[in-house]
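As structure tokens, the structure follows; a few thoughts come after it.
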Amino acid sequence: RMFHDDELEESEKFYVGQPRVLLLIYALYNTLVARSEMVCYFVIILNHMISASMITLVLPILIFLWAMLSVPRPSKRFWMTAIVYTEVAIVIKYFFQFGFFPWNKHVDYTKDKPYHPPNIIGIEKKEGYVHYDLVQLLALFFHRSILKCHGLWDEDEKGDSSTNKEDTDDELSLAGGRRDSSASLKSVNLAASVESIHVHFPEQQTAIRRKSSSSISQLSHRSSFSSHRSKRGKYIFKNINHSTLSLYFLQCKFCVTKSHCGLCCFRTLQVYVPIRQFFYNLIHPDYSAVTDVYVLMFLADTVDFIIIVFGFWAFGKHSAAADITSSLSEDQVPEAFLVMVLIQFGTMVVDRALYLKKTVMGKVIFQVILVFGIHFWMFFILPGVTERKFSQNTVAQLWYFVKCVYFGLSAYQIRCGYPTRVLGNFLTKSYNYVNLFLFQGFRLVPFLTELRAVMDWVWTDTTLSLSSWICVEDIYAHIFILKCWRESEKRYPQPRGQKKKKVVKYGMGGMIIVLLICIVWFPLLFMSLIKSVAGITNKPLDVSITITLGGYQPIFTMSAQQNQLKSLDPNEFNEFLRSYRGNTAALQFLEGYAREDITRADLEGNSNSLWTISPPSRQKMIQGLRDFNADFTVVLSWTIQRYKNMKYLFLSFLSRILEEVYPYYIKAPSDSLAKPIKQLLRGMSPDYGKQYDCKWENITVSLVKNTSEEWWVLDQLGKRQKTSQESLELFIFSDKVSPPSLGFLAGYGIMGLYASVVLVIGKFVREFFSGISHSIMFEELPNVDRILKLCTDIFLVRETGELELEEDLYAKLIFLYRSPETMIKWTREKT
């Protein structure tokens, strides 16, 4: 071996011989060291999520708009800024913890107020106010030590010395370049207020790396040293910046004139010029390692979209107990949900447009607007809308963390640049079952395929019309699916002349059979199980009874509530069932009810209202009662009020005698009027051989008079609970109701489910089974490689700007599908 060291070999053997747990700890530590920069970012963001104040807001914004956009890595200036800022924040927080400040005297009253000034600034008094800041400072010092170990901490200073050494050589090269016919001056950039001349030297000069956009104050010093270390590139980019000289002249002039306004302009230019140069170098790099992380950004936005849908209540006022299904079932769209969904969807559309146009400048502007807008909304507007601090809103914290992941990916995309070519869908890069099923699932999402196709057509340079574009997309999707199936047939070949295996037949065929049977019988199974298995007991809240004689003033009104509505205990329920032994109809009815579904209402016999009737009406009613030849009706009505204020009313018109007028058992269904239960009323002969008509209970009615008041008293004769007081008993059998989450399906009923679910699904299934003969020439293609390559060629020439060639290839694709003979030649197996 060329390099041999006994100590290194002994060290390697010692390392390999360590326990696996220790090796895992070593690997985790090495991972921490390699990603110490990301650890610092994570701790800073976590500190801001928990503190949510203006003090901690500065560093996350600097991360997304400075550190993550720096090439090749954040400069020493950023890390020193972060360290010094964290130390100052710790001191400020410690200083404002003393109790002599006025706002620290009522901490318990103001700690949950989102717009309390100390809470917004971050100087409120609280326990553990500095814990996360200390962890943040520790992470920053750890990263600083890692950079020093690798010699990257003082890279900027070394770059300064190397740059100063090359200044004379650059000036000589510039003078020689002026005499050369191949002018070295390649670009001149004139700013609005400052002139910058960028001079490029020939490739024979010493190699430097691309202009560094990591340092805001030093325009191109760091790139010089980085180029010597990496040895990448064979040209020199030197920035002779006349703006610096202009600033020096302005400074001298301001010192002479002592103009306050001019001094302010000078200070402004000192801040503006480095920032402008930073973003200019970012948008116009000499070279860029293009990458494509749009898929990851789209997934982050999708996760945020899901968080909004299932946690929309966290973004609105007084909506902590809201349910999106109940709100939508009541045709009510919460404003917070609507605004969040539209904003999230709008950002996804804009991001797609920027990705298709491949404009880095637009992406930078969008990044700046989004970073400031999201932070301003999440930490200054949202707490006022929800009336709770951001640190107490878990869903908003989760949404913000995922959005920070998106910001990091977006910054990485800006720093590396967009890809020059975008070919097809990201799910069509390989041909296996995973890509096949994910792609088909992507196409099943309503309007997603259509929206993507139209957006791609709008923001992509092409000569094809919208219909031709959609035609190419459909052909490509169809050929990709066929390619996946052909690849699966190659991986799992079926020998010729052998029957299909039982695993395949029973696996695929059995699953389809079970699926079709479930679809056909889904409504019946759903409606039968929704109440018996998942049903919720819906006990009555109020039971009221009213009795009226002949349409006159009611003589009796009484209601039972709360303690007067009692459930049966196990002994009473068993005794109740034994009393109907032998009554087949009653037992069959009781099979559908459990003990908790039966409620006994105890109504007091005394009316809760006085009988106020005028003397003429009283005399007329007495005359009607004395006329035995005419019928005098007694109207008995009851009202059962259950959840959702469902009222049930039933009227009974009987003769003037009060025999068999009281329904002892009442059924309270979930969607119709309450009615007596005929199966449970006494009507069976002693030998249980014949069933009589339904017999109701008898009640006694008496009028009680006082000196100047009178009221009616009722008493039931055949009560199960033998009480000496006048009272009425009423047994209510409450049907179970469907859970609120499934109420929107149960509301359709059996016929509604058959019409809306089974028939619609059956239509699609029938089209799949009956339309095969019309698509044989497009489905049974043995080899689709040439067609797939033709579609890919169309995408490629479109990205390279060869629009005439795009038209020719599209015409070739259309001719191929119009000519069956050519299709057969193109799709033959290769021999």
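The backbone N, Cα and C atoms fix where each Cβ goes, glycine too.
If you look up TrEMBL, you'll see 14-32 (among others) marked as transmembrane segment.
The domain 'Piezo transmembrane helical unit' feature in TrEMBL is assigned to 34-154.
Tertiary proximity for the transmembrane segment (39-66) is limited to same-chain residues at least six positions away from its ends with a CB under 8 Å from its CB atoms, namely 32, 74, 78, 81-82, 85-86, 89, 92-93, 119-123, 132-133, 135-136, 139-140, 142-143, 216, 278, 367-368, 371-372, 375, 379, 389-391, 397, 400-401, 404, 407-408, 411. For 39-66 (among others), the entry in TrEMBL reads transmembrane segment.
Under the heading transmembrane segment, TrEMBL lists 78-96 (among others). Long-range contacts of the transmembrane segment (78-96) within its own chain (CB-CB distance under 8 A, at least 6 residues past either end) are made by residues 40, 44, 55-56, 58-59, 62, 66-67, 70, 104, 118, 122-125, 129-130, 133-134, 136-137, 140-141, 143-144, 147, 214.
Taken from TrEMBL, the feature region 'Disordered' covers 155-178 (among others).
Per TrEMBL, the feature region 'Disordered' maps to 205-225 (among others).
The compositional bias 'Low complexity' annotation in TrEMBL covers 213-225.
Panel annotation: around the transmembrane segment (293-316), residues 322, 324, 334-337, 339-341, 344-345, 347-348, 351, 355, 382, 385-386, 393-396, 398-399, 402-403, 405-406, 409-410, 412-413, 426 of the same chain, lying at least six beyond its termini, place a Cβ under 8 Å from a Cβ of the stretch. Annotation source TrEMBL lists transmembrane segment at 293-316 (among others).
Sequence-remote contacts of a segment are chain residues at least 6 beyond its ends whose Cβ falls under 8 Å from one of its Cβ atoms, and for the transmembrane segment (336-355) they are 294, 297-298, 301, 304-305, 308-309, 312-313, 315-317, 319, 324, 327, 362-363, 366, 370, 385, 418, 422, 452, 455, 458-459. As annotated by TrEMBL, transmembrane segment applies to 336-355 (among others).
The transmembrane segment annotation in TrEMBL covers 364-386 (among others). Long-range Cβ contacts of the transmembrane segment (364-386) within its own chain (Cβ-Cβ under 8 Å, at least 6 residues beyond either end) map to 52, 57, 60-61, 64-65, 114-115, 120, 279, 282-283, 314-317, 336, 347, 350-351, 354, 393, 396, 400, 403, 407, 410-411, 414.
Away from its own ends, the transmembrane segment (398-418) comes close to residues 41, 45, 49, 60, 64, 68-71, 282, 285, 288-294, 296-297, 300-301, 303-304, 307-308, 311, 355, 358-360, 363-364, 367, 370-371, 374, 378, 390 of its chain (Cβ-Cβ under 8 Å, at least six residues beyond either end). The transmembrane segment feature in TrEMBL is assigned to 398-418 (among others).
Annotated transmembrane segment per TrEMBL: 430-446 (among others), in sequence order.
Within the chain, the transmembrane segment (466-485) has long-range Cβ neighbours (under 8 A, six or more residues past its boundaries) at 424, 428, 431-433, 435-436, 439-440, 443, 453-454, 456-457, 778-779, 781, 784-785, 787-788, 791, 794, 810, 813-814, 817. Marked as transmembrane segment by TrEMBL: 466-485 (among others).
Annotation source TrEMBL lists transmembrane segment at 506-530 (among others).
What TrEMBL lists as domain 'Piezo non-specific cation channel cap' is 566-645 (among others).
Looking just at the domain 'Piezo non-specific cation channel cap' (656-829), the mean pLDDT is 75. The domain 'Piezo non-specific cation channel cap' feature in TrEMBL is assigned to 656-829 (among others).
The DSSP breakdown of the domain 'Piezo transmembrane helical unit' (34-154), given as helix, strand and coil counts, is 82 helix, 0 strand, 39 coil.
Among residues of the same chain six or more beyond the transmembrane segment (430-446), those with a C-beta under 8 A of the stretch's C-beta atoms are 477, 480-481, 483-485, 487-488.
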